[in-house]
Amino acid sequence: MDSPTSKIGENVRVVVRVRPLNKREMERGAKCLIAMDNDTQATSILRPDARDSGNARAAKRASNDDSKTFTYDRSLWSVNPEDPHYAGQESLYDCLGKEFLDHLFAGYNTCIFAYGQTGSGKTFTMMGSNDDPGLVPRTCNDLFRRVDKLSDSHQCSVHISYFEIYNEKVRDLLAAMVSDNGGLKIRESPCDGPYVEDLAEFQVRTTASTAMNDQSSRSHAVFTIVLRQLFQDLNSKSRIEKISRFRLVDLAGSERANATGATGIRLKEGSNINKSLTTLGRVIASLAENDNRKKRDVVPYRDSTLTYILKDSLGGNSKTAMVACISPSDYDETLSTLRYADQAKRIRTRAVVNEKENNLSAKLLKDQLENVLSSHVSRGVELENLKKEKDEMRLMFEEWARNLDRENKALKIERDALRAHLRLAIESYKNPIPVICENKEADVEREKNAKAVNDLHDEWSDLLQDIGHFKRDIQEDIATFAIVATTAA
Ligand SMILES: Nc1ncnc2c1ncn2[C@@H]1O[C@H](COP(=O)(O)OP(=O)(O)OP(=O)(O)O)[C@@H](O)[C@H]1O
């Protein structure tokens, strides 16, 4: 999704900062050659001979002829803390860091790089000291403070990486095992541009600046923060994902190779540093010029590791600022830095908000959630029904068991009564009460009795057989019901 910025583009912001005279400079009686105008944000540099002239008229003439003035977005006077316009670390963060962090949260890639000769205050500006932290720790602190204030539905993750470019090779400064096997490779992705392959990235929740290694004035150090945000857009109700990157770069000292007087390895080192810095100069010049031309030059990003990695930050999808650090009493180097910074002002970048709607996956997630929920609900209902059924069956079997017991008892009583009757009948059959009959009538009576006894015997035999069957049936029933009751429980 392009922002209006992408069509118009905007210039690289340039801030110049002058440091205080150091002990050595004060001891040799060096004078501050820099003047800054707080109203116009102009920085002027005066030739040292003109500055040192005791002649008032010569000095006045010199201030017209021998001073060079450049106007920047900001000119920060860090020479004397007593000065009313003194700009310390906090002022720098307030006028640059804060705004760039705003851009990062808005979804823009951002980059601030510190440029200047050795000892001009680049590392102090980027890192600062424990007592007076610079841009990197202030940015990290502010970043986590802002993340903490976001609502729970606005999810954020922060990853950092830190590498240096030394002798045109990339070395990871955060990896636990740093191998010296020729450095990390640089690759280019169609979406994200050049990147360092296999660079350690750490997800962090607190200030990460303490993890940093010592700075080397001979290497270019690149600290990168990647912020990933996921939140709901209140107007469109869609899920938005923003991934933006903040690069904070502390460049090596910009002094020319011939001025270092280096030989051997140091010379190679110097020329390699110079290769990155001179290429940076050519890239900046080319970008600055291209804006005025119809037919654009090919920008020589690929001519050095530094410019290749910073391709996007220098002329592409990024809001970029340069802090040009200057020494107060070094005319040549400071003038060269001021000219460099003046040229950088003309570079235009075209930053876009790096965001995408995440509706598809959000809808997918919602559907999945609904499916899971409904299957849970139907399983719950099913389970409830099964429980009910089981309870009903248990009650039924308990009732059956009670009835069975009752019937069993009744049958036992009946059987016992029948047994008693049978026993008596058999007894009376075996030992009949003798009947004394003197006449024929008595014989007839005896025969009748004998027949009745026989009939009774047959009747009891049948009855006993029936009882046997009945008993077997009952035992089978008991066995059947016992199995069913155990299964149901
Ligand atoms: N604005 C400032 N206020 C106070 N002291 C400063 C300021 N800028 C720089 N210094 C001091 O000047 C010295 C040199 O600064 P610094 O190391 O930051 O320079 P540098 O440009 O990073 O040098 P190099 O290229 O060698 O890394 C340090 O002692 C630092 O504390």
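Every residue, even glycine, has its Cβ placed from backbone N, Cα and C.
Features of the protein shown, as given by TrEMBL:
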DOMAIN    11-347  domain 'Kinesin motor'
BINDING   Gly116, Gln117, Thr118, Gly119, Ser120, Gly121, Lys122, Thr123  ATP binding site
COILED    383-421  coiled coil
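For ligand 1, the nearby binding-site residues are Thr118, Gly121, Lys122, Thr123; that is, of Gln117, Thr118, Gly121, Lys122, Thr123, these have a C-beta under 6 Å from one of its atoms. Between the candidate binding-site residues, Thr118, Ser120, Thr123, the densest Cβ environment within 10 Å is the one around Ser120. All chains included, 19 other C-beta atoms sit within 10 angstroms of the C-beta of Gly119 (ATP binding site). The average pLDDT computed for the domain 'Kinesin motor' (11-347) is 83. Applying an 8 A CB threshold to same-chain residues 6+ apart, the list for Gly116 (ATP binding site) reads Lys122, Leu251, Gly253, Ser254, Ala324, Cys325, Ile326, Ser327, Thr337. Around Gln117 (ATP binding site), the C-beta neighbours below 8 angstroms that are at least 6 residues distant in the chain are Gly253, Ser254, Glu255, Ile326, Ser327, Asp330, Glu333, Thr334, Thr337. Long-range C-beta contacts of Gly121 (ATP binding site), restricted to its own chain and to partners at least six residues apart, with a cutoff below 8 Å, comprise Arg17, Arg19, Ser78, Cys325, Ser327. Reduced to three states, the DSSP call for Lys122 (ATP binding site) is helix. Around Lys122 (ATP binding site), taking its Cβ as the centre, 29 other Cβ atoms fall within 10 Å, counting all chains.
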